[in-house]
Amino acid sequence: MASTWAIQAHMDQDEPLEVKIEEEKYTTRQDWDLRKNNTHSREVFRQYFRQFCYQETSGPREALSRLRELCHQWLRPETHTKEQILELLVLEQFLTILPEELQAWVQEQHPESGEEVVTVLEDLERELDEPGEQVSAHTGEQEMFLQEMVPLGKEGEPSMSLQSMKAQPKYESPELESQQEQVLDVETGNEYGNLKQEVSEEMEPHGNTSSKFENDMSKSARCGETHKPEEITEEPSACSREDKQPTCDENGVSLTENSDHTEHQRICPGEKSYGCDDCGKAFSQHSHLIEHQRIHTGDRPYKCEECGKAFRGRTVLIRHKIIHTGEKPYKCNECGKAFGRWSALNQHQRLHTGEKHYHCNDCGKAFSQKAGLFHHIKIHKRDKPYQCTQCNKSFSRRSILTQHQGVHTGAKPYECNECGKAFVYNSSLVSHQEIHHKEKCYQCKECGKSFSQSGLIQHQRIHTGEKPYKCEVCEKAFIQRTSLTEHQRIHTGERPYKCDKCGKAFTQRSVLTEHQRIHTGERPYKCDECGNAFRGITSLIQHQRIHTGEKPYQCDECGKAFRQRRKTSYKEILLKNHSEPQAGVNLLLSSLIPEWQSCCRKDL
């Protein structure tokens, strides 16, 4: 790119405004007219129109005239109908009202109508809500932002959209995964090379970019090869292979055959002899032009035989077919989990390495996946449009609402492949799987038990007696936050876990699960000594004390020991003593003390 955009407006009061765009040296009037029709140049004029300052002019008349000319260059009433101009204005306002974290990303897709924006956002919402190959509490392993014509593997490249760089620099999209290029190149051969070249050309600056970007990307932009930032600043042979293959003199790219070398050298100098008749964009290879023209014609020749969905490029179709085949060729060396996409594996590996590339601009919290950041941002905006009809709780995502509804229905769709245990939430499954995935490597020095890192911290509170979670109503303290949440339902009266069979509600999910076994007759906990079976693990533990003779609950007054910590029913006390009210009250008070402490307090 010769230089950055510069606009100069010189006007006398009696002369028409003259706007000069200095980007390239156009040799003919036809070149300039063709360039004027480019969508990106219209975007430049729109930016100057919106950001025009009154102080830049000598007076109000000049300011008005310059605004008129900039608006004319943007909307172009000589070529656009009223409906098209109206659509441009609606599109601009639509992009303006989008959440800030979405604006820059949507504008990178270069939508030309409001309908295109809607399609992009609906596709994004569907991908965010899909369970996919999930490995974290927030999202799954998904390529949410890889649409058909979005570049793959441009790691380290800054966004070249004028809007994202100038108007909203702090919402630039984080880099995508560069490894995808290598994988897809192997799978699809030269087809991906063609697509990669076009993507590189489409990512050339069209707006008010800085010379810094041009210097950093001068090599990679010429030939479409991708380099990491450190590779660009170091030796140009960083991408060449160790086995002395022919390399390009321009950038050190390895080439396997002489034909590849000839073709590659024609691309590197920037020769672009194939021009698009619709928008004027030029390409170095005819195949790139053909694929680009499908944007204008709407042609999608590559059709999936399974679902009928069509695509503009063969590479995108190949990537799509993995959904139907269920193939998962990319395997994690740490835990053995397999994925259908390289990017999914790459994101998953961040769980092991601890890398978190995506940061929240509001609170600084970091995430390993882009979807996790998007969901987190909604917390700050308090955007919770999805409401549960059972308990009226609201959620920021439809997928979270669906998971929450499992609390009421008892559905547990997330099952562990190792032990078969099922969970309502995917995050609970992920935490559980740490047990199987060699995460249980932190040992308690007090008792020798092993836990995950977070599990060890909670466990050690048993030995230290620390109870950091305190109830504000009764000041009772707990070791875990979940225990505090369950306790607080005593004060609020909330019983979110309801039985579908009899309608009875409970404060804890585990109690509901145990209750439902009354209806199903299931008794999964069996005593090894006598064969008796029980609905709950607590009942089994209490029963086993009959065989072991264990009595862990001891009275502080007399030393008498008990197997259970049982309290007498309030209703039972009042019914038995209805003729002697004072006796009933005394017994009711004594029932507030556990059985193993009330044996010596007969004076109540």
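Heads up, the Cβ atoms here are built off N, Cα and C, so glycines get one too.
Source: prediction; values computed, not measured.
Pulled from Swiss-Prot, these are the features on record:
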CROSSLNK  LYS20  SUMO2 cross-link
CROSSLNK  LYS25  SUMO2 cross-link
DOMAIN    46-128  domain 'SCAN box'
REGION    155-175  region 'Disordered'
CROSSLNK  LYS196  SUMO2 cross-link
REGION    201-264  region 'Disordered'
COMPBIAS  213-231  compositional bias 'Basic and acidic residues'
ZN_FING   274-296  zinc finger
ZN_FING   302-324  zinc finger
ZN_FING   330-352  zinc finger
ZN_FING   358-380  zinc finger
ZN_FING   386-408  zinc finger
ZN_FING   414-436  zinc finger
ZN_FING   442-463  zinc finger
ZN_FING   469-491  zinc finger
ZN_FING   497-519  zinc finger
ZN_FING   525-547  zinc finger
ZN_FING   553-578  zinc finger
Tally of DSSP helical, extended and coil residues in the zinc finger (469-491): 11 helix, 4 strand, 8 coil
Per Cβ pairs under 8 Å, the stretch of 386-408, 442-463, 525-547 packing most closely against the zinc finger (358-380): 386-408
Long-range environment of the zinc finger (469-491) - Cβ separation under 8 angstroms, sequence gap at least 6: 458, 461-462, 507-508
DSSP-assigned states of the domain 'SCAN box' (46-128) in counts, ordered helix, strand, coil: 64 helix, 0 strand, 19 coil
Within the zinc finger (386-408), residues counted as helix, strand or coil by DSSP: 11 helix, 4 strand, 8 coil
Residue counts (helix, strand, coil, in that order) that DSSP gives for the zinc finger (497-519): 11 helix, 4 strand, 8 coil
